[in-house]
């Protein structure tokens, strides 16, 4: 007998009119074990350079009908790339716009994964006690030890990051100082912070979560309503080229901008980022 799971968004009782994804959508798009593999870096980096993670600090995303989507950073999209980078020898720091704790879509956590969960527990304090991004930006110069900026996905990246001057300043610093920028899924929404000023990403190509897919998610109860705007449309307006229109786990490299299309790309993006950064810093 087949058990039918509900496509109705699940109530988040921590906030008025807020919702988690439906049981059905979680059954289709989350797993208790990740697809982490290929973590093989026999000559890891041993230097001082590290990763700056710009994480989400807000949980609730308004939709077109007034309902709130309970979101944050997607755990797979955050932890798998970092797992690879850490195994390759690169430590990381976490910053949020406010300096308040990172918000995760904990309903997508691979809670039975025997590699990812210990890694998360080992680094949980970094996410619970992040730096304030403005303080990091104020300290940036040509000799700063950050080798890359990583913006994880999850719909939480749509909240605050696209309007942040601190995000813009961090990205401008990274591109102008020949550092890597790594992102996937909804994370590239952070690039919109560059649209009202100096935009060094003009003309770059990326993979990202397609707007067309976002428009379909309410049908299965992943979100409780439609988005009020679509980040892909806005990225194209600022001169960026999104090369995918579907979700296949694709990754892409354009100079030192490394991107992936969805959580299905998280492992491949981690491998790509680790390989590229090892070639640049440990070659």
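Any Cβ shown, glycine's included, is placed from N, Cα and C.
Here Swiss-Prot flags 86, 91, 123 as Zn(2+) binding site, drawing on experimental evidence. Within 10 Å of the Cβ of residue 123 (Zn(2+) binding site) there are 18 other Cβ atoms, across all protein chains.
Residues or ranges marked as active site, nucleophile by Swiss-Prot: 185. Residue 185 (active site, nucleophile) has a Cβ environment of 29 other Cβ atoms inside 10 Å.
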Inside 8 A of the center formed by the CB atoms of 86, 91, 123, which other residues of the chain have their CB, for the recorded Zn(2+) site?
51, 82, 85, 90, 92, 119, 122, 126
